[in-house]
């Protein structure tokens, strides 16, 4: 719910190696140099583009792979309309929690929670890449973690987690990053988890059509503008929330190196929300069967333009900006203009992602949490699909 956090210029990040408290010492800090700001904002833009680009590509593979256990979750128009309301309630609840209770204990619980989710998300992200490094004769054993409820005829699977030795290696590597983040709250570890959450979100959260995407982006456009410009809730929570829900990059890296602590930041929602819309347009491009990715590249360039405009406005007015204020019109408007020029508006709005590429994509009936599920669950998935009494395992996602 805090994913659409504003992009902010210089904000103290409580996940720095120095362990600075939110906002502590901000007034005493020297202003960031032009070189430092350019490096920080350029790095944030690059880090935002990577999960969108690769997440969109993986969303196509995920949708086309009928035997994959990594089944995407489809967001319908009802889910899209409800999401800003749920997000607002959650954001306000977090704000009140930070005002009433000790921030130290809240962030301790959040750190443990995101420690587990981050390991699973990062493991799922690096698994396809790591498989290329294993030799052909690698001893790959299969394992299963089964948790059921009830007995006899009423027995129901709650968790059926199958994995192999390669998955354990990925989990072990991800755990190293997790321990590093838990102990030091270093900004690099934070970003590794943030990138993993973003890529998982773009890959596994699918909009069913363009109309739903417009509803979701339009609702979160209002949500982001209100909570950033109308109140101090968004910025306060973003500064106080000690969890990898934002990407950060130090503006004083050139002066202090890896121990830098004067951060610019970008909320993960400003990556995932436009990212799932861009991924939808990539799947629409493929459905046209013209061997072109016109709408994907148009929306991708539109995202770069919108994010660049966010940084420019923020730099001019020296105030935190709701990035979706600029990203939503760009990501919707640019592809729509291209569709008008090509006479494909009807095709764009009649395209159904779940019906064309993945007929049995499950409907999103709740807002997902990140969980782990390696690609080796294909056989288990087939068994569960053939048994209507058993509950299918929840897909991993981000946000």
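Here the Cβ of each residue, glycine as well, is placed from N, Cα and C on the backbone.
For 1-29, the entry in TrEMBL reads region 'Disordered'.
The transmembrane segment annotation in TrEMBL covers 38-60 (among others).
Residues or ranges marked as transmembrane segment in TrEMBL: 80-98 (among others).
Taken from TrEMBL, the feature transmembrane segment applies to 105-126 (among others).
The transmembrane segment feature in TrEMBL is assigned to 204-229 (among others).
Feature annotation from TrEMBL assigns transmembrane segment to 263-282 (among others).
Taken from TrEMBL, the feature transmembrane segment applies to 294-317 (among others). For the transmembrane segment (294-317), the residues of the chain that approach it from at least six positions outside its boundaries are 7-9, 37, 41, 45, 48-49, 52-53, 56, 270, 274, 277-278, 281-282, 284-285, 323, 325-331, 333-335, 338-339, 342, 348, judged by C-beta separation under 8 angstroms.
Residues or ranges marked as transmembrane segment in TrEMBL: 323-341 (among others). Listed by sequence, the residues of this chain that lie at least six past the ends of the transmembrane segment (323-341) yet keep a Cβ under 8 A from its Cβ atoms are 4, 6-7, 213-214, 217-218, 220-221, 223-225, 266-267, 269-270, 273-274, 277-278, 281, 294-295, 298-299, 301-303, 305-307, 309-310, 313, 347-348.
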